[in-house]
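Taken from TrEMBL, the feature site 'Part of a proton relay during catalysis' applies to Thr47, Tyr109. Annotated pyruvate binding site per TrEMBL: Thr48, Ile205, in sequence order. Among the features that TrEMBL reports, active site, proton donor/acceptor is placed at Tyr135. Feature annotation from TrEMBL assigns active site, schiff-base intermediate with substrate to Lys163.
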Amino acid sequence: MKSISFKGCGTALVTPFRNGEVDYDAFVALLKRQTDAGIHFLVPLGTTGETPCLDEQERIKLLELTKEHSEGRKIIAGGGTNSLVQTVKSIKALEPYGADAFLVVVPYYNKPTQQGMYEYFKAVAGETGKPVVIYNVPGRTGANMLAETTLRLAEIENIVAVKEASGNYAQISEIIRNAPEGFSVLSGNDDETLPLMATGASGIISVASNVAPGLMVELAEALLDDNMAKARELHHRLTPLFRNSFVESNPIPAKAALAAMGLISNELRLPLVPAAEKTYALMQKTVADLGL
């Protein structure tokens, strides 16, 4: 049995900026919106948080604030890079500040073999001793971790979960079917929440819940309760948000939606830029149609 597990909906939090600096006040307000909506766990410092564009002190401050305003929720903090040395350094720097686990992406750009992936995650887990969540997102990394490799890693005591964003149902189903007791399989794609949780995944790490946390909590809880009629209704209601959140690179559309709602300034850090006018209008309509 793993030392920690994750169920339901966790938000991959955006990082708000204002005039080029992290807007910590806006971040705290976003956290309150999440906890008020009943979000199950929180995921700062991921891709959606533009973490590669944050310095170490900004990352530490964001994690401290997440812990302070989490109201007891579990926190998975992003800590992965494409270098073992830098990943361990990043995790060690963040360890004192309240994360319950660390999200570590399959190394990008390097294109490791399956054995290379296995040795990398085994080394990270050994170096930190903290719970580790694998993040498989081949659309961004250029390398897909196969089910066999994930399942080998799942046997390591402090590798406790996988965030699966490969979009490969057969692969993810194999992981769900064969995972050891207590190993959490989390969808990494909002539009796959229903099919994956219906077949045994324990939750979702969501971009859409930045915008519609209450509805995403309802969807996850309906699926955990096997209430498929309600889950289908919510899935179809949320599908335009799922789709439109990726018409440009994440988190550009999500930030446009939050800006349209008056919650943050519509700023990103280069190389990302704010949404095109057409995308901004689309996200305005999307949130209006959801009654947000």
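Glycine is no exception: its Cβ is also placed from the backbone N, Cα and C atoms.
TrEMBL feature annotations superimposed on the structure.
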| residue | record | contacts (Cβ under 8 Å, 6+ apart) |
| --- | --- | --- |
| Thr47 | site 'Part of a proton relay during catalysis' | Ala12, Gly78, Val105, Val137, Arg140, Asn250, Pro251 |
| Thr48 | pyruvate binding site | Ala12, Leu13, Val14, Val207, Asn210, Asn250, Pro251, Ala254 |
| Tyr109 | site 'Part of a proton relay during catalysis' | Asn82, Thr141, Gly142 |
| Tyr135 | active site, proton donor/acceptor | Gly46, Gly80, Leu103, Val104, Val105, Val106, Val162, Lys163, Ala165, Gly188 |
| Ile205 | pyruvate binding site | Gly10, Thr11, Ala12, Val43, Gly46, Ile76, Leu103, Lys163, Leu186, Ser187, Gly188 |
Counting across all protein chains shown, how many other Cβ atoms sit within 10 Å of the Cβ of Lys163 (active site, schiff-base intermediate with substrate)? 27
According to DSSP, Thr48 (pyruvate binding site) sits in coil
Look up Tyr109 (site 'Part of a proton relay during catalysis') in the DSSP assignment and reduce it to helix, strand or coil. coil
